[in-house]
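The feature signal peptide is assigned by Swiss-Prot to 1-22. As annotated by Swiss-Prot, domain 'EGF-like' applies to 126-167, with the evidence given as sequence analysis. Taken from Swiss-Prot, the feature disulfide bond covers Cys130-Cys142, Cys138-Cys151, Cys153-Cys166, and the record attributes it to sequence analysis. The N-linked glycosylation site annotation in Swiss-Prot covers Asn134. For 234-276, the entry in Swiss-Prot reads domain 'Collagen-like 1'. Positions annotated as compositional bias 'Pro residues' by Swiss-Prot: 235-244. The compositional bias 'Low complexity' annotation in Swiss-Prot covers 246-258. Summarising the annotation, Swiss-Prot assigns domain 'Collagen-like 2' to 286-319.
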Amino acid sequence: MIYPGRGASLSVAVALVLFSSGAPWTFREEKEDVDREVCSESKIATTKYPCVKSTGEVTTCYRKKCCEGFKFVLGQCIPEDYDVCAGAPCEQQCTDHFGRVVCTCYDGYRYDRERHRNREKPYCLDIDECANNNETVCSQMCVNTPGSYRCDCHSGFYLEDDGKTCTKGERAPLFEKSDNVMKEGTCSATCEDFHQMKMTVLQLKQKMSLLSSNTEINKQMTNEKMMMTTNSFLPGPPGPPGPAGTPGAKGSSGSPGQMGPPGLPGPRGDMGPIGPSPDLSHIKQGRRGPVGPPGAPGRDGMKGERGFPGPSGPPGPPGSFDFLLLMMADIRNDIAELQSKVFSRPLHSSFEDFPSAPDSWRDTPENLDFGSGEDYKSQSPPKSSRKRKLPRNLKNPDWPV
């Protein structure tokens with residue numbers, strides 16, 4: 001698919017928009033843009049709209065496009081119903097593809113993209129069918145022609161009707177010349193020429209008989225004449241296209257297309273050679289200045305791992321037994337209240353029911369100097385105090401065990 005240039009190129013470029021200041025800008029399009037279009041004689045509509053530059057200044061910008069009912073083809077604004085192939089812009093075949101010119105080559109020709117890119121003609125080159133025997137299938141000789149080929153036979157052979165097969169011998173003549181001897185200066189015709197003219201007249205009559213208005217001519221056609229007009233004398237399929245004509249004059253170059261998108265970044269190049277070392281002898285170095293104030297403290301770091309346990313400390317002083325006695329007294333009061341609620345009668349209870357703590361259990365100035373452990377065990381009370389019996393009033397049967 002190719003798109004050659006055609007005629008004088010009309011620059012419908014957007015460069016006029018940026019000629020004012022050359023600074024980068026942005027635009028703000030409004031709804032009234034359609035009403036501001038002005039169509040010129042070249043069918044190019046110019047639209048004005050406000051735009052804002054990068055500096056914040058509001059200015060007027062212009063945008064160009066084809067007027068309504070026109071389309072942009074090969075740098076020109078032409079009517080939408082205009083045939084772009086009317087001026088024969090292509091070398092061989094032209095197709096209107098939605099307003100674009102599509103040039104193709106005939107059968108038997110190939111399109112050379114490089115020649116067309118360099119604007120060299122002809123860019124539709126002939127295909128040598130004889131170079132590949134599988135395409136021609138000629139039994140003996142193949143002769144390449146512009147856009148096609150033909151088969152020939154050696155001496156003593158003749159070409160069959162298929163145009164490819166050669167048969168040994170000579171072809172028998174289909175028609176012989178008339179035996180009538182014509183005088184010099186007169187026209188003579190062979191039987192073959194006469195037969196062809198007769199068949200042509202019969203074919204014309206057959207076509208006319210198909211028309212509804214020519215009923216009388218249809219009646220005059222006999223069965224014998226209808227039998228003679230067989231399919232063998234009907235016109236055959238169209239032949240291959242003829243050779244290409246001489247190329248025309250070179251047209252003017254078209255308008256430059258729009259700038260394409262930027263390509264992908266290329267690979268990073270190799271590092272260049274290291275330059276010479278700088279000369280620092282001319283740089284003066286003074287005395288180092290004072291140390292500045294410390295900066296702001298940084299953020300707290302992550303919590304560290306737990307350290308190893310430290311050594312065991314010395315034993316502490318012995319504990320007091322008074323707290324345990326108070327707790328037992330509270331439990332006794334709770335039990336007494338529970339019994340009074342269950343049995344509905346008061347029970348005898350006194351603080352004397354509990355044995356008093358031995359003097360050796362109380363905190364004395366002598367015991368405060370001792371710590372826990374073996375040192376405290378050495379100060380155990382005498383056996384007489386440890387075997388002290390409980391009073392008999394604790395053997396009350398009403399006391400729950």
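Just so you know, glycine gets a Cβ as well, placed from its N, Cα and C.
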Spatial neighbours of Cys166 (disulfide bond) among the disulfide-bonded residues Cys130, Cys138, Cys142, Cys151 [C-alpha, 10 Å]: Cys138, Cys151
Chain residues in Cβ proximity to the domain 'EGF-like' (126-167) (below 8 Å; excluding those fewer than six residues from its ends, i.e. six or more beyond): 106-110, 240-244
Number of Cβ atoms other than its own within 10 Å, given for Cys151 (disulfide bond): 20
Local backbone state of Cys130 (disulfide bond), from DSSP in three classes: helix
Least surrounded among the disulfide-bonded residues, given as Cys138, Cys166, when other CB atoms within 10 Å are counted: Cys166
DSSP state at Cys142 (disulfide bond), helix/strand/coil: strand
For Cys153 (disulfide bond), the three-state class that DSSP assigns: coil
Cα-to-Cα gap, Cys138 (disulfide bond) vs Cys130 (disulfide bond), nearest whole Å: 9
